[in-house]
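Novice: Have a look at this one before I ask anything.
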Amino acid sequence: MFAINLLYIFLAQKITKIDWHSKLNKAAHHTSDYNSTQMILRRGQAFAITLNFQTTVQPENNFTFIASTENELIVDPGLSPTAITQNCCLLFPLAGPSPAESQQTKAVFHLSEVAANGWSATQERCEPGRMSLMIVSPANAIIGQYKLKLQIASGNKTSSALLGQFVLLFNPWCPNDDVYMANEKERQEYVLNDSGIIFQGKEKYIQQEAWNYGQFEEDILDISLSILDRSLNHRQDPSTDVSNRNDPIYVCRVISAMVNSNDEKGVVEGKWSGSYRSGTNPLHWSGSVTILRKWYRGRYRPIRYGQCWVFAGVMCTVLRSLGIPTRVITNFNSAHDSNINLSIDKYIDVSGKTLNLTEDSIWNFHVWNESWFTRRDLGSFYDGWQVLDATPQEKSKGIYRCGPASTRAIKEGDVNLDYDSSFVFAAVNADCVTWIQHSNKRKERIYSNTRKIGKFISTKAVGTNTRVDVTDNYKYPEGSSKERQVYKKALKLLAVRSTGGRKKVTKPRRRFPAARRQNTTATTRKPTVSGKLKLDAPPVIGQDILLTLALQNLTADFKTIKVKLRASAVLYTRKPKAEILQWSRSVQLGAEEVKEISFKITYTQYKNALLDDRKILVTAVCEARQGASLLVEKDIVLQDPFLTIEVLGPTVVHKATNVLVTFTNPLSEVVTDCVLRAEGSGLLKEQLNINVARMAPMETATAEFEIVPYKSGIRQLQVDLACIRFSNIKGFVMLDVAPAQ
């Protein structure tokens with residue numbers, strides 16, 4: 001930004017120097033990590049400034065300070081904020097909101113007085129020609145860019161000077177701030193940690209994926225603030241938008257809408273089907289920094305493409321950069337209840353093929369965010385962690401966004417409270433029902449489970465990369481009387497009644513059109529056989545998958561079972577992408593007999609279906625003449641070979657160190673055009689890409705590159721190998737970087 005000692009010409013003879021005590025103030029405000037020349041401060045906390053005058057300051061002089069938010073500026077997004085600072089003439093004001101005291105975007109306060117607006121300035125000491133001041137902003141000040149002006153009145157004369165510019169952020173260290181977090185270790189994790197872990201996979205195979213949040217990297221804070229300025233709220237009513245930026249509820253809601261591109265040309269465009277050739281496969285992203293910079297430098301064109309963990313990773317970066325404690329949450333077996341009746345209905349045909357008769361779905365996992373702040377709109381009981389979801393699933397008050405929804409409200413079934421608590425409640429607590437549609441259009445309910453949804457809700461632990469289960473924050477123990485009591489309370493609040501064994505919305509209170517519903521009648525028959533699909537060996541990409549279907553006759557009668565088995569490549573949303581295998585056969589079972597059927601899915605069968613992901617859903621529909629049909633399912637996630645990272649020397653700030661990466665082609669065929677990517681905040685200023693032209697079948701190869709750390713402390717280095725013949729092979733290592741010697 002502009003140099004902070006810039007003065008109006010008519011005061012140049014009076015003030016000779018302005019010292020913002022950059023190092024001291026940034027350390028006190030926990031903003032030293034920001035890679036920026038700007039003065040970055042947190043609200044509700046004092047900061048020091050010293051003025052040197054050409055002449056002795058007269059005691060009768062009247063000092064008045066004016067702090068005001070900046071007008072929005074038009075800049076060339078192709079320029080970094082650093083370049084903008086060096087080329088001030090490239091900025092010019094956009095016709096926008098003029099700061100006003102009535103909007104709390106302008107504060108006027110006098111020396112040694114606490115103004116009604118909460119701003120104050122006190123004199124610490126005064127020497128001849130020198131004045132040291134402490135200035136305090138209120139704990140509910142608007143966040144964003146400010147300029148600070150001084151007016152000096154002496155007799156009938158008044159002179160003015162622009163003392164400088166600064167950025168004001170939320171302050172989790174300030175007890176009066178709505179985002180105050182009392183535990184220092186949690187502040188270090190949820191505000192200051194610039195890397196993390198996002199959990200993926202499935203409930204019985206949870207995987208760690210490293211993510212580079214990079215909220216302190218060059219440009220990221222400026223980009224985060226520009227996201228607010230690009231929002232629909234700001235374009236429609238700039239003055240009101242800026243005046244609301246003192247409220248974390250408001251800011252989080254705007255960011256939730258802006259991280260996706262559905263309504264407001266936001267940061268990331270989502271895509272869950274088809275080819276990713278016109279952008280980046282969501283699996284290839286390992287951090288937020290590259291995404292945010294591309295969006296900014298690309299003149300705010302949405303970045304293609306993202307899926308839930310990408311939206312959550314980017315939102316975590318933006319909110320941490322603004323000072324709001326934020327973490328990433330993964331919900332396994334996550335429900336998307338499109339009509340909010342707390343029942344997820346899935347329809348299949350007699351061969352096990354999924355039918356698109358409903359918009360409901362159950363994702364293997366879904367990733368969202370939690371941010372920490374008080375809920376003045378709801379009451380103190382609902383303070384604490386608030387759910388936010390930038391993945392564009394459903395509209396909230398006309399815009400694709402979700403939250404903030406209090407986790408306390410979700411746990412207690414208070415689904416009538418703002419914002420979108422009913423949608424999140426269903427995601428973790430809906431019931432699951434599977435139906436078979438027979439050729440005569442008869443629908444048969446073959447599976448019902450009240451405990452399937454919302455398993456192993458996970459986040460990264462404070463201070464370590466281990467997984468912490470936070471399911472208890474969202475619901476009471478499954479099957480407990482309290483859990484069912486809360487569920488019934490939610491049904492009542494949503495005006496949902498039970499009819500014929502399933503639920504129906506009678507008076508929908510919701511924010512989007514209802515999904516198509518089916519007229520169905522529940523069957524009372526029970527299966528006369530049981531079944532289970534088992535893996536005979538760990539499934540590894542490039543190898544055949546060996547499975548066994550075990551069936552047991554539950555009666556003393558002879559049975560002939562017709563088995564229809566299907567294997568499909570699926571997304572993590574469990575939406576089928578391609579059929580891999582299909583067969584049917586009859587199995588004869590004697591009284592209470594157990595029989596095992598072994599089969600395999602060959603690499604040749606699945607290789608072309610798993611280019612973007614490595615998930616397979618196997619279903620077996622088992623029908624007998626008597627008894628209900630039986631559905632047996634198995635989710636398979638193919639394991640990738642490990643990628644090893646070896647750092648070949650000590651890691652010290654500003655000292656080059658080489659890194660050796662070893663990886664293996666998991667396939668029995670030649671692969672070409674692979675790319676090895678590396679990134680890590682404090683280690684690499686930009687993402688590093690190394691082309692791997694060719695790898696022979698099962699070949700182990702190495703790549704070596706140099707890092708020059710520029711920040712000390714614990715740092716995360718992420719490396720992944722991307723290839724068109726298989727999904728990414730990823731790894732990471734934590735480095736303890738020593739200060740410069």
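Placement of Cβ uses the backbone N, Cα and C atoms for every residue, glycine included.
On a predicted model such as this, the values are computed, not experimentally measured, just so you know.
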Novice: Of the residue ranges 261-287, 504-530, which one carries the region 'Disordered' annotation in TrEMBL?
Specialist: 504-530
Novice: Give me the long-range Cβ neighbours of Asn429 (Ca(2+) binding site): same chain, 6+ apart, Cβ under 8 Å, in sequence order.
Specialist: Leu342, Ile410, Ile453, Gly454, Tyr474, Lys475, Glu483, Val486, Tyr487, Ala490
Novice: Just counting, how many other CB atoms are there within 10 A of the CB of Asp431 (Ca(2+) binding site)?
Specialist: 21
Novice: Which residues in the same chain, at least 6 apart in sequence, have a Cβ under 8 Å from the Cβ of Glu478 (Ca(2+) binding site)?
Specialist: Thr450, Arg451
Novice: Other than Asn429, Asp431, Glu478, Glu483 themselves, what residues in this chain have Cβ atoms within 8 Å of the centroid of the Ca(2+) site's Cβ atoms?
Specialist: Ala430, Thr450, Arg451, Ile453, Gly454, Lys475, Gly479, Arg484, Tyr487
Novice: For the domain 'Transglutaminase-like' (300-392), what is the mean per-residue pLDDT, to the nearest integer?
Specialist: 95
Novice: From the DSSP assignment alone, can you count helix, strand and coil residues within the domain 'Transglutaminase-like' (300-392)?
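Specialist: The breakdown for the domain 'Transglutaminase-like' (300-392) reads 17 helix, 41 strand, 35 coil.
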Novice: Would you mind checking how many other C-beta atoms are within 10 angstroms of the C-beta on Glu483 (Ca(2+) binding site)?
Specialist: 18
